[in-house]
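Working notes, structure below.
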Amino acid sequence: MKKVLFLPLLKMPSGHHQVAEALMDILERRTTNICYKKIDLLSYTNELLEKVVTGTYLKWIRYAPETYNMAYKHLFYEPPVHSFKWYHHVFAKKMEHLVKEENPDLIICTHGFPSYLLSQLKAKGKCDVPIINVYTDFFINNLWGKEEIDFHFLPSEEVKKGLRAQSEIPLQNMMVTGIPVHEEITKTRTFKHPGNRNILIAGGSSGLGNIMDFYNDLKDASHFHYFVLCGKNQKLYEEIKGWELQHVTPIPYISSRTEMNELYEQVDAIVTKPGGITVSEALRKNLPIFVHSALPGQEEVNLRYLTERNLVQELKADQSLESQLQAVLQDADKMSTLYNAIAAYHKEIEAQTPEELLAVVNWILGEKQTIGLHA
């Protein structure tokens, strides 16, 4: 029995965990000779430390987003040896102990910090376990380990070229997979008809980001039907429900990916934040994507990448939501540009099925299986 260790970071729900769970489910459904485990290094180091870091992060981006953005650029675009030197030794020791304790045959990192620590351990000859980096945003910051990592699941061809240009990683150790999403979010083969009028609004249930003004716009809207994902924000759900508007439907927390997939199938566009997972799911469903706000840090970098490639449309806070949606969804030329951009993105993906991703895992584990890429 081979063992795969998944390493996201922190316990709070995030794209790092969702990507890990998508890959874990592939192993669960398709193998009998591979077991897996998901561990957060901070909790493993100290449960209280993880809670403090999570709480500090959430308060920081809520109450001081500009300073968080400055810190993010400093920490994650400076060489890691300088930014993380002061606590590198503590976590490197914990990582070394974790690897020895779990004794995995393969490690899959969905966050840059575990990847960085493992890369340092491998460079010092203290770890010989093969490692896959699975990137959860549309760029790679400088925290990720690179040279010592055995394989890279990359979000786009552009990121692949950039990684190749700045490193000596062999091309055969890199594959454009997109940001992996759970297979229950099925791929839509055709684009939606532009005349349809169901809009999904997501990414505002946490109260983070600049979306409340757009919610208030819905009261005076009339052209579209809006489905608002409220997540676990019961106050938001009750408030929108209290409006008693036929064209606005609040939706409570959805835990089932099958239900989420069905909701995606019902709508014709999505308004959201530029998180890697949500955007990747929407791209998989061939949905027009509108961005209402971006959290400081990685979401702002994602937004820049996505808008430059016409994969999303950024909404302006000083204009009504509905007028901006109409300006795009009812313009044949703009819709054509958008759909062409989505189609071009899909063509870059080298591994588009769970079986193709599993083939890489088996190959690295030494299962002697040929990697057959999607044509």
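The backbone N, Cα and C atoms fix where each Cβ goes, and this holds for glycine too.
Note that the structure is predicted; figures quoted are calculated from it, not measured.
Annotation source TrEMBL lists domain 'Diacylglycerol glucosyltransferase N-terminal' at 16-181. For 199-343, the entry in TrEMBL reads domain 'Glycosyl transferase family 28 C-terminal'.
Assigned with DSSP, the residues of the domain 'Glycosyl transferase family 28 C-terminal' (199-343) fall into helix, strand and coil as follows: 70 helix, 24 strand, 51 coil. In this model, the domain 'Glycosyl transferase family 28 C-terminal' (199-343) carries an average pLDDT of 90.
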